Number of protein chains: 4
Amino acid sequence: MSNRVVLAYSGGLDTSVAIPYLAKMTGGEVVAVSLDLGQGGEDMESVRQRALDCGAVESIVIDAKDEFANDYCLPTIKANGMYMKQYPLVSAISRPLIVKHLIEAAQEHGGTHVSHGCTGKGNDQVRFEVGFRALDPSLEIIAPARDYAWTRDKAIAFAEEINLPIEQSTKSPFSIDQNVWGRAIETGFLEDLWNPPTKDLYAYTEDPALGNAPDELIISFESGKPVAIDGRPVTVLEAIEELNRRGGAQGVGRLDMVEDRLVGIKSREIYEAPGAMVLIAAHQALEDVTVERELGRYKRLVDARWSEEVYDGLWFGPLKRSLDAFIDSTQEHVTGDIRIVLHAGKITVNGRRSSHSLYDFNLATYDTGDTFDQTAAKGFVQLHGLSTQIANKRDREA
Amino acid sequence: MSNRVVLAYSGGLDTSVAIPYLAKMTGGEVVAVSLDLGQGGEDMESVRQRALDCGAVESIVIDAKDEFANDYCLPTIKANGMYMKQYPLVSAISRPLIVKHLIEAAQEHGGTHVSHGCTGKGNDQVRFEVGFRALDPSLEIIAPARDYAWTRDKAIAFAEEINLPIEQSTKSPFSIDQNVWGRAIETGFLEDLWNPPTKDLYAYTEDPALGNAPDELIISFESGKPVAIDGRPVTVLEAIEELNRRGGAQGVGRLDMVEDRLVGIKSREIYEAPGAMVLIAAHQALEDVTVERELGRYKRLVDARWSEEVYDGLWFGPLKRSLDAFIDSTQEHVTGDIRIVLHAGKITVNGRRSSHSLYDFNLATYDTGDTFDQTAAKGFVQLHGLSTQIANKRDREA
Amino acid sequence: MSNRVVLAYSGGLDTSVAIPYLAKMTGGEVVAVSLDLGQGGEDMESVRQRALDCGAVESIVIDAKDEFANDYCLPTIKANGMYMKQYPLVSAISRPLIVKHLIEAAQEHGGTHVSHGCTGKGNDQVRFEVGFRALDPSLEIIAPARDYAWTRDKAIAFAEEINLPIEQSTKSPFSIDQNVWGRAIETGFLEDLWNPPTKDLYAYTEDPALGNAPDELIISFESGKPVAIDGRPVTVLEAIEELNRRGGAQGVGRLDMVEDRLVGIKSREIYEAPGAMVLIAAHQALEDVTVERELGRYKRLVDARWSEEVYDGLWFGPLKRSLDAFIDSTQEHVTGDIRIVLHAGKITVNGRRSSHSLYDFNLATYDTGDTFDQTAAKGFVQLHGLSTQIANKRDREA
Amino acid sequence: MSNRVVLAYSGGLDTSVAIPYLAKMTGGEVVAVSLDLGQGGEDMESVRQRALDCGAVESIVIDAKDEFANDYCLPTIKANGMYMKQYPLVSAISRPLIVKHLIEAAQEHGGTHVSHGCTGKGNDQVRFEVGFRALDPSLEIIAPARDYAWTRDKAIAFAEEINLPIEQSTKSPFSIDQNVWGRAIETGFLEDLWNPPTKDLYAYTEDPALGNAPDELIISFESGKPVAIDGRPVTVLEAIEELNRRGGAQGVGRLDMVEDRLVGIKSREIYEAPGAMVLIAAHQALEDVTVERELGRYKRLVDARWSEEVYDGLWFGPLKRSLDAFIDSTQEHVTGDIRIVLHAGKITVNGRRSSHSLYDFNLATYDTGDTFDQTAAKGFVQLHGLSTQIANKRDREA
């Protein structure tokens, strides 16, 4: 069987030049696969054509926006997915979906290899390759940037050498990954942790200091899924898009963090994820009202572990699946409305209502109508603290 | 021995009237103990005198501000202490300190009983009583609001009956607990979860929408402890006070949440804690730079558990002490500077520098000077994902 | 509506005398409900008749053995359910089933009250009452032993006073609870923790020192459920019964422990649970072969938490249900055979085989045929340890 | 600087032949370092001489038995260290100590490289290399078995080629690692998981079926450390040695398990660790009496994580150190005596006494003298179950 490399193709310089390069290195053909995950920018047809211009024997474009929203962003909402309590897994959840479509393309088009453009010091190589081997270990993996030390300079030289029809735009100083769930930015001057981000980094969000009037909105959930905004029904994708727009206008969802990569180093990352941050904030506020205390306490641990597994490239791992089973079982009653104010970069929840609420006005109120039996409390407190009391007595005596 | 009740005295109507009431119910005397925890308001001497006017045989006022900051707020900073990821334990950490001083007063002044003004449906009764029994189980506990169904109306009637020299101010609709670490507000109309908070609730913070110019500041830590702001050395107390002032001016630190009380119900709570929120945000950002990945992951679990233990009234429990041992051991290198911008209710970290940093520019950079060995990554990814690969193979075959 | 007390009736002296006593105290009638959970001893018809003789207006006997095995013991097997790593939850899992049938009887027979015979210092009161309130909070709860300080001496005096047709057997010094899943024994001389158990405590197990020949057996599981022993198909109930017999003959499953009760005290407990211990040992050994590493690590935490929830009387709590969802999702491939030797009190697993195994001979072997790619290991080790390496460097320099 | 390889030298064929081989491959000299960890067998002086005979320029033998017992086995006792709840970390805790001495030797003797004999599919390579890089990343690492695919056959051929004075004993079918804490055995026929172990595998333990009379003993601990057996003071080393002897005579401490290796595969392992298993059983039983409930519950999680970190080669990792801080803080009161019976492979705890006990006879007893306040229980149960009650009500209504 002759070699056929199925490449995760972004349309950018690096993966464009990789097409002839991979063909040369393997002595085979290249199939380009591009996913529309709502990253915006160039239209997908131009991307598709460019791959062919660069020598791909097939160039496949897949509109995966709804699939991404429903099968990857929604589980992240349910898990309040935040790595290190901050990062909503923007790139981490897109990789397994790309993997899935690459493997399908490889199986359909006789692929022998799969390939991605990631370097050897990031997380995405892990997410790609663990996914590839989970779904089809018979495919060989090529990561030119890592395995051939393929750099941008080499790519440009090679493009010139073979007269590749690629216009090299002025080199952007930014390394960017974006999709409808958010946008990740790395760039040289941020590698000094003391440097603040500059305004030109951002594309999904306005400057929070602009002084726009606050935007109040109501998000409705059914069993953990956002189903309406301000009363208008939405798909998950539409919810993210609308909140990207409205949150972005308020400068909401900017993140500046130092992150622990799976490969063992710390790195500085800037993210913008207005829709993601608003949806998770609303979802969590609704859980606070509809999820019982002990379940809520444990779910916070499970959410954190889920986020680590997904960050660590183990989307297809068995633990991820069982954590999903736990999380899904908690969402049945996460139904109701959350009112939120977006303003000047800040998300403020100021109202919740739910027919599935566990909040009981009559138990909580200090006014007339209180049904809480205070006489029970005395004994409760006594036994709740008994083992502490005994331990302190022992400590004094010992 | 005749009865002597040592009362946690706030100076307010309820505990003032409790003085003659407790004397009557026990046939004994009352010693009032009041702590200055930076709650502001009335001067402590007036509080002291009022207790005597109400019939206390002793009235003790203790300036515990620094003790509170160093021994209660600082451990909370080190633990990034947040119950349900939101509430910085404002009242929860003040109760054990009041307990400590009440027990000391009881032992010094021949107390036979200790007493507090809390109801039977809140958390504070638990924090008081578990603390009392941990430190001195020989003292009897009286909680008139709970055990005698002692209400404000009854208190006023009793005050009139005995001609107590208490002016009943116009009844505030708010139930408030405050100290230098923050302020907690409950009030009737917030018991409808759909009602937003009103502006008159707040005292520590300005309206975030005011449009003040952003305030940029640098907080310096040594081993987890804030030691300077903008280069000026501060005590922990001074750090909290300055950040209350500067954060409050920017509307930072307002919280609106539905909380799981230990007694089994959910309740709506409004908090203001500008200094606490700024310090914890800065501390956490510095940990992200100075704490190793696996330790950071585990510490986040320990932090959450610590917060639950403290919230649940188990400050004096053995688990809390061992969690402290864990946390303390993680703080040695949490040393460095964090630059923060406060604006319109939002805390933004935008710079960090530390001589104890684990961030390695040469490993992280994508520019010249990169020392990261990318050839190691290929094997790493392969074995990192091996058990996932084997499991997926088995699943397909089964 | 006149009072009708639905009583959890064991047939013993205490609950027998409780029948007329509860009738007297409530001015109503008593319905006795008895469950056959495989506890053995007296036949259930005698038990049923005794309740009537003591004045019950209805006496209901329910054969719940299979229900208990399938819906309560099996989840415990799947969770490797052990409180404090030792106790297989013998009484803890029987209470929720009794609760379920009591509530059904109350709803069918017009019950206004439910009642149990437990004291106020044990765990079972919690399991009963949390269950009652979870399933039907409209029923009033009476616990005569606790609420009326109803003791055995009072019961005997009352029985004589009203000429109750109860023969008082020689008072056993043992307090026993037993069902097919195991047997729990408390008795006065064991309250001195230094005293060893005596031989007369045991009923389900022979003396392990007897020197019987070892018994080797093969237990087959399908998706976590025991389905055959030595090739003969069995129900879960039959599996427990057979292993009680064969394990008991070898003295297997005796436990002597100091246990942390939910009410805050420590207590000495002796258990016998041969079938439970053998089944859990076999199940766990099969999980070791069929469950992936990270899932296995996390499941051990979930198993422990599950056991605590069940021990703490929260069988009907929402967390228990979500932990079940997690656990169930892990059991799909727990299919295969475990060979076990029972001898002299010891359970030894010495063989496993499974078509769902994750053990891969070709990866594990050191002989010819090894397919493990050792070249991957060098890079793996390097990056696996990188954050530790960086941290140690920092520590030395700081 | 000329090359100097510091080799972890066992005295066996593989590392003996590695001496000239490493010299050849690096063009340098080899320093052999051997530790006496109580592994028994050959005397250490013969081992030392053999390294010289094979061409080492220096051969260093270190008696590290007490250091191993005090600094590696004792922390394992305190952590009840068991990987996958079964394996007491026999090899896992010896590697970091060997690393420490190798690094010291390298620094003292001008080493440029460190070397070990492990393969690329086991855990020990990880433990060695992560340790080397943690303590001195300037040293280069050589693992001939992995990096040069150095096998036994190649070693023998090379030995003959250079006339190395090594007698090749009949090749043992077993691969063994042993020290005073235990013994690990791998061998070909056990790679079929259905094969039971054979009797000739064992060296530290007698056949449990031998029918020796039971051996009863009392182990005394102070703050978690074993200090006496049957009243005779012992060092930690002596405790392990005596219990190896007495436990071994009873066939105690044999393990047969399928283990999840860090490199991603499952493997079958046989262990013997009589002293370790007896000490951990006794220690845990004493914790059950002296450690408070919530602390005990959390410590079981910490113990499990500690065991995973140590198993995974992260002894020198920052998390391990902070887990140690937690564990150490729990041991202050783990003081007292445990009575144990060893018989026929089984460890049975049947008595405990401690002046630091948290067991309170008066609270636990059902006899006269009971001081437990049962009236407190009613309210306790009510509020303990309140959130479950509310959740079930909501579920029914929803």
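Just so it is clear, glycine is given a Cβ too, placed from its N, Cα and C backbone atoms.
Keep in mind the model is a prediction, meaning the values are calculated, not measured.
In sequence order, B:S34, B:V47, B:G117 constitute the residues six or more apart from B:S10 (ATP binding site) in its chain with CB-CB distances below 8 Å. In the three-state DSSP scheme, B:S10 (ATP binding site) falls into the coil class. If you look up TrEMBL, you'll see B:A8, B:Y9, B:S10, B:G11, B:G12, B:L13, B:D14, B:T15, B:S16, B:G117 marked as ATP binding site.
Shown in sequence order, B:S91, B:A92, B:R261, B:L262, B:V263, B:Y311, B:D312, B:G313 are the residues of the chain, 6+ apart in sequence, with a C-beta less than 8 angstroms from the C-beta of B:N123 (L-citrulline binding site). The L-citrulline binding site feature in TrEMBL is assigned to B:Y87, B:N123, B:R127, B:S175, B:E259, B:Y271.
Summarising the annotation, TrEMBL assigns L-aspartate binding site to B:T119, B:N123, B:D124. In the three-state DSSP reading, B:N123 (L-citrulline binding site) counts as coil.
Residues or ranges marked as domain 'Arginosuccinate synthase-like N-terminal' in TrEMBL: B:4-165. Per-residue pLDDT, averaged across the domain 'Arginosuccinate synthase-like N-terminal' (B:4-165), gives 95.
Positions annotated as domain 'Arginosuccinate synthase C-terminal' by TrEMBL: B:174-390.
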Name the one residue among B:A8, B:G12, B:T119 whose Cα is closest in three-dimensional space to that of B:E259 (L-citrulline binding site); these are the binding-site residues.
B:T119
What span in Å does the ATP site cover, taken as the longest CA to CA distance among B:A8, B:Y9, B:S10, B:G11, B:G12, B:L13, B:D14, B:T15, B:S16, B:G117?
13
Widest Cα span across the L-citrulline binders B:Y87, B:N123, B:R127, B:S175, B:E259, B:Y271, in Å?
19
List of the binding-site residues B:A8, B:S10, B:S16, B:T119, B:R127 facing chain A, defined by a Cβ pair under 8 Å:
B:T119
When DSSP is mapped onto helix/strand/coil, what comes out for B:S16 (ATP binding site)?
helix
Just jot down the residues in the same chain as B:D14 (ATP binding site), at least 6 apart in sequence, with C-beta under 8 A of its C-beta; none if empty.
B:G117, B:A145, B:W150, B:R152, B:A155
Can you check which residues sit near B:A8 (ATP binding site), meaning Cβ under 8 Å from its Cβ, same chain, 6 or more apart in sequence, and list them in order?
B:T15, B:V33, B:I98, B:L102, B:V114, B:S115, B:H116, B:G117, B:F128
Of B:Y87, B:Y271, which of the binding-site residues has the most Cβ neighbours inside 10 Å?
B:Y271
Taking only the Cα atoms, work out how far B:Y271 (L-citrulline binding site) lies from B:D124 (L-aspartate binding site), in Å, as a whole number.
16
Taking the recorded L-aspartate site as B:T119, B:N123, B:D124, identify the other residues of that chain whose CB atom sits within 8 Å of the mean position of the site's CB atoms, giving them in sequence order.
B:C118, B:K121, B:G122, B:Q125, B:V126, B:R127
What's the most sparsely packed of the binding-site residues B:S16, B:T119, B:S175, counting other C-beta atoms within 10 A?
B:S175
Could you list the residues of the same chain, at least six apart in sequence, whose Cβ is under 8 A from the Cβ of B:R127 (L-citrulline binding site)?
B:S91, B:A92, B:R95, B:P96, B:V99, B:G313, B:W315
